[in-house]
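Taking it in order: structure first as structure tokens, then the write-up.
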Amino acid sequence: MIFIPVMKEFFDIVVIGGGHAGCEAAAVAARMGAKTALVTMDSEQIGAMSCNPAIGGLGKGHLVREIDAWDGLMPHAADYAAIHYRMLNRSKGSAVQGPRIQADRNRYKKAIQTALKEQAHLTIIEGMAESFQMDKGKVKAVLLADGRPLKTESVVLTTGTFLDAWLFCGEKKWRGGRIGEQPSIGLAEQLKALDLPLGRLKTGTPARLDGRTIDWARLQRQPSDEDAWTMASYGAGRVAPQIACSLTRSNQKTHDIIRAGLDRSPLFSGAIEGRGPRYCPSIEDKIMKFGDRDGHQIFLEPEGLDTPLIYPNGISTSLPEDVQQAFINSIEGLENTKIVQFGYAVEYEFIDPRSLTHQLELKALKSVFCAGQINGTTGYEEAAAQGLVAGISAACAVAGKAPPVFDRRNSYIGVMIDDLVLQGVTEPYRMLTARAEYRLGLRADNAVTRLSGQAKAFGALGAEMTDFVTKRLAEREKCQKLLEKAASSRDMQAVGANVTEGASHSLFEWLRFPAVTRQHLEALIPELTEFSDAVVSEIIDDGRYAPYLERQDAELARLAGHDNMPLPAELDYATIAGLSNEMVEKFSAARPPDMASASRVRGVTPAALAAILIHAKKVTL
């Protein structure tokens, strides 16, 4: 509900900001029984997708599934809004596959708003959070711009890109946290006055195109996946009509137009000081850094079923409007395309995440938790996952109990938080599978098994999810029990498996052999056909990955004992398998002489250290 009058009641938790982080924080805190208020400048913009109309992707899809394991909002809203499903990295193993959906913006926002309005213990309040009321170094209330105080002793800050924010398009610069919306100035000033470590980052968005003016017949179509996977582990499934996306490319003419306009770009004129996201660079950055390429992919993504708007993924820009129009019209299929809204950049304040605990609580200001872009991250999924953790942590603090543990072994959420609070950021942080050294066990398909038991114990699941998790975990245990049955190689050969191993193994252990398929198991245990596809597929993947998990754990255990191992001065980090471009850049610049020095390079991940150790051992043998 919307609560408007003067506030006289006390809230256990006040969440500031109605973006993806704020929505998850407010929802989980309320599910856990905390009396929660969600403060937003405009209730109609709650859950808005500010940039690309998509959820998931490589690494990001894992986060969404982990949010689902805690009964979060994002996965169900994604399925309600999904107009295009695509499993990324499908040709690779399930550990690094990335579920991604294209969303109808309005349907997504509607799903989030409906879920929040129906959530018990949650009040939605329209207003601008201006400052904290403090007493002896502790927050006692959140003061709104119109003078209303919201009494509370626990706050979750999810200000997104609104904190002391500026918008840029060419030579134009104006105040705003998002197009058409005001920034948060008062709160930014108070955070500065509290002497918190702040910095500035930048992000951007491309122009929005009129799809009726695109020559679709000349473009490569990309249909939705036909198999029926979804983002949420339970629910109504795919409910919206599925439509195709299309693909085009920039060309040399496009690049020449962009180069000619760079002197009017705020990215290169010095107007923008904050660093932008490495893994979602502007088209200006692409042309400057990869000028030798003859073209860059551009995915034309519909913004919804009832709108002609198209999101051109791959050409984020803050170039002047005339340059944007010219370079877009130089692209195949877009020669006559009209721009409905020009691209722009936003620069905003963030808090150095090293000032946070692993519960995302400010060390210097107890009971104030931070989530999302205020912590130096980029992306809806990263924000939502942090919001989930901040909401859980705040609710646990209110209840006087220890919070759950998200660590590098049990979740991508734990990897992200560990990276943030220990290493900090020099650019907007994006989740990648390469950041997780235990990624072989952190598959998107086993998030419920990994995390939902803990979520249930903390009272974070609604009634439907509680029932689903109880049944799913029981079904999995029963299925796993069946696969303990022993079978000889002769048994396996009798059902068509091409194996030569002479020993007898459990059926689960036989899954280590690529020649053994689900059909072979069902021939030996017909009862397997009675189990859900999700459970059987998950356990089969467990079996497939078992030997690799053993090897992974052994390598990581050995890592601790190799601090003094020298690293060749001429080591080519670009040739190391599993090392991201970001890590290649950091290590190539630092040139650490040994593994101990490598571990102290800012931003290094345990996964990167493991990859370097494995490579170094090979080249020194």
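Placement of Cβ uses the backbone N, Cα and C atoms for every residue, glycine included.
Every protein chain considered, the tally of other Cβ atoms within 10 Å of the Cβ of Ala21 (FAD binding site) stands at 34. DSSP gives Ala21 (FAD binding site) a helix state. Per Swiss-Prot, the feature FAD binding site maps to Gly17, Gly18, Gly19, His20, Ala21, Gly22; the stated evidence is sequence analysis.
The NAD(+) binding site annotation in Swiss-Prot covers 276-290. According to DSSP, Cys280 (NAD(+) binding site) sits in a coil region rather than a helix or strand.
For His20 (FAD binding site), the spatially nearest entry among the binding-site residues Cys280, Lys286, Met288 is Cys280, judged by CA separation. Taking a C-beta cut-off of under 8 angstroms and a sequence separation of 6 or more, Gly22 (FAD binding site) has the following same-chain neighbours: Val15, Ile16, Leu38, Thr40, Val156, Thr158, Ala371, Gly372, Gly387.
For the pair Lys286 (NAD(+) binding site) and Ala21 (FAD binding site), the Cα-Cα distance reads 29 Å. In the structure as shown, the Cβ atom of Cys280 (NAD(+) binding site) sits within 10 Å of 19 other Cβ atoms. For the pair Glu284 (NAD(+) binding site) and Gly19 (FAD binding site), the C-alpha distance works out to 28 angstrom.
Note on Ser282 (NAD(+) binding site): other Cβ atoms within 10 Å of its Cβ, all shown chains, come to 25. Burial estimate for the binding-site residues (Gly18, Gly276): highest at Gly18, by number of other CB atoms within 10 Å.
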